[in-house]
Amino acid sequence: MAWTPLLLLFLSHCTGSLSQAVLTQPTSLSASPGASARLTCTLRSGISVGSYRIYWYQQKPGSPPRYLLNYYSDSDKHQGSGVPSRFSGSKDASTNAGILFISGL
C-alpha cells in the first residue's frame, strides 16, 4: 500500500530572527512495506535544534494537516490523539536535525 504523506516540521515559539528559520527536508523517501523510515528536517546553522520543540504533521493530498507529535526531549514529548506509537520523534544534535521515526510501514 503506497503511503505518501507530506510531513512538515514546525518550530514553536519562533520570535524575531528565529521566525526566519530555514529548514531542509529530503524531497522524497522510499521504504519497503514492513520496514522503518527515518525522516529528518535540518535547521540552518546558528539555530540549535536542542533549544526547540519539534512538531510533526502529516498532510495527504486534499486533506488538512494532521498533528502527529511534538518532541522536545525523551521526558518532554507528546503523541497526538489516535496517532500510533509506531510514530516517534527525536533530535540529532550532531546534524542539528529533528527526526521522525515511523516503524512498520
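Just so you know, glycine gets a Cβ as well, placed from its N, Cα and C.
Feature annotation from Swiss-Prot assigns domain 'Ig-like' to 20-105. Mean predicted confidence for the domain 'Ig-like' (20-105): the pLDDT average there is 90.
According to Swiss-Prot, the feature region 'Framework-1' maps to 20-44, an assignment based on similarity to another entry.
The region 'Complementarity-determining-1' annotation in Swiss-Prot covers 45-53 and is backed by similarity to another entry.
Per Swiss-Prot, region 'Framework-2' is recorded for 54-70, and the stated evidence type is similarity to another entry.
Residues or ranges marked as region 'Complementarity-determining-2' in Swiss-Prot: 71-77.
Residues 3, 7, 9, 31-43, 45, 47-50, 54, 56, 66-71 of the same chain lie 6+ residues outside the region 'Framework-3' (78-105) yet bring a C-beta within less than 8 angstroms of a C-beta in it. Positions annotated as region 'Framework-3' by Swiss-Prot, on the basis of similarity to another entry: 78-105.
The signal peptide annotation in Swiss-Prot covers 1-19.
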